[in-house]
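> Checked Swiss-Prot, it gives:
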- 9, 42: L-glutamate binding site (BINDING)
- 76, 77, 102, 153, 174, 197, 239, 240: pyridoxal 5'-phosphate binding site (BINDING)
- 198: N6-(pyridoxal phosphate)lysine (MOD_RES)
């Protein structure tokens with residue numbers, strides 16, 4: 001079978017070594033004669049899986065001891081509701097920074113539970129899309145927390161600054177598409193959440209990192225399955241968790257550790273992004289309209305000079321083993337998502353194809 005590279009934004013490519021191990025263990029896990037999908041989440045065998053996964057995740061991100069790690073349902077959209085329901089307390093407003101599609105989606109959901117103070121950070125610089133630096137963000141005095149999305153998958157926009165708004169500001173961030181791709185100073189945040197389907201594992205699992213002093217403030221109307229305190233008190237097993245996704249994510253964590261951890265991912269992700277953006281910038285046939293300071297290393301959108309060639313580009317790239325390059329319906333064009341599991345060889349194959357396509361159709 002020819003090599004296929006999956007550039008999907010999520011569910012995304014998983015490490016080949018992880019898939020092979022899961023395949024080998026699928027019908028007889030740990031010599032039990034059953035699949036890990038079939039065993040009880042409360043049995044000692046799965047409890048060990050869960051504990052190892054949390055331990056490895058904490059180690060990878062150097063999560064401080066005063067933070068809890070929760071393995072949840074609901075995805076990022078579930079957390080759009082969970083954050084205000086858990087963190088507002090007796091306040092009625094929160095600061096939300098709008099830098100793209102997913103930040104706007106979080107704002108829309110938050111309006112059901114509070115009055116968001118929305119700061120539009122989107123700007124245009126020399127004809128390119130950019131984001132205002134954090135020092136220019138206008139925050140309110142009475143907000144329960146500040147929410148932002150460090151990486152916008154659809155827009156290909158990243159906010160790489162580390163927040164430094166003082167100890168009184170609780171920062172909540174949607175790290176769904178950038179978690180584990182580079183080091184994070186977890187201590188600068190009150191809440192970090194991430195859907196698994198991009199850099200962690202398969203869809204169906206969401207991980208929340210929450211500072212323990214923020215627990216116990218949930219709105220009385222908060223569904224129990226979204227209540228951070230209840231999830232923490234029950235070791236993320238208040239109800240049956242997505243056990244297979246949890247197990248696979250644990251394998252990904254071990255793969256990351258075996259391959260140098262987050263620091264190594266940071267380095268290779270920078271290489272991949274520089275290679276792909278270089279191919280775009282050095283061409284008159286392709287273009288990216290995001291300012292260099294805000295370009296995402298995970299999601300690289302690009303347009304062809306003649307969008308009449310889009311369909312042909314997608315057909316030929318798919319035939320060449322380069323899958324899921326179609327841009328999001330909101331922005332069109334192309335998009336290459338190059339998360340941790342995407343090897344450098346995949347990006348090289350893509351840039352080689354782009355150069356060949358340009359020679360033939362430019």
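Cβ from N, Cα, C; glycine included.
Just tell me what is around each of these and how deep it sits.
For residue 9 (L-glutamate binding site), other Cβ atoms within 10 Å of its Cβ number 21.
Sequence-distant contacts (6 or more apart, same chain, Cβ under 8 Å) of residue 153 (pyridoxal 5'-phosphate binding site) comprise 9, 10, 101, 102, 176, 177, 198, 296, 298, 299, 328, 337. A coil conformation is recorded for residue 153 (pyridoxal 5'-phosphate binding site) in the three-state DSSP classification, outside any helix or strand.
Secondary structure at residue 198 (N6-(pyridoxal phosphate)lysine), taken from DSSP and collapsed to helix, strand or coil, is coil.
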> Looking only at 76, 77, 102, 153, 174, 197, 239, 240, the residues listed as binding pyridoxal 5'-phosphate, what is the longest Cα to Cα distance in Å?
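Spelled out: the longest distance between any two Cα atoms in 76, 77, 102, 153, 174, 197, 239, 240 is 30 Å.
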> Taking each of the recorded positions 197, 198, 239 in turn and counting other Cβ atoms within 10 Å of its Cβ, which one has the fewest?
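Across 197, 198, 239, these recorded positions, the one with fewest Cβ atoms within 10 Å is 239.
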> How many Å lie between the Cα of residue 77 (pyridoxal 5'-phosphate binding site) and the Cα of residue 42 (L-glutamate binding site)?
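About 27 Å separates the two Cα atoms.
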> Between the Cα atoms of residue 174 (pyridoxal 5'-phosphate binding site) and residue 42 (L-glutamate binding site), find the distance and write it as a whole number of Å.
29
> Within the chain of residue 42 (L-glutamate binding site), which residues six or more apart in sequence place their C-beta under 8 angstroms from its C-beta?
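Listed in sequence order, they are 237.
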> Please report the number of other Cβ atoms within 10 Å of the Cβ of residue 76 (pyridoxal 5'-phosphate binding site).
23
> Suppose we draw a 10 Å sphere around the Cβ of residue 174 (pyridoxal 5'-phosphate binding site). How many other Cβ atoms does it contain, all chains included?
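Other Cβ atoms within 10 Å of residue 174 (pyridoxal 5'-phosphate binding site): 26.
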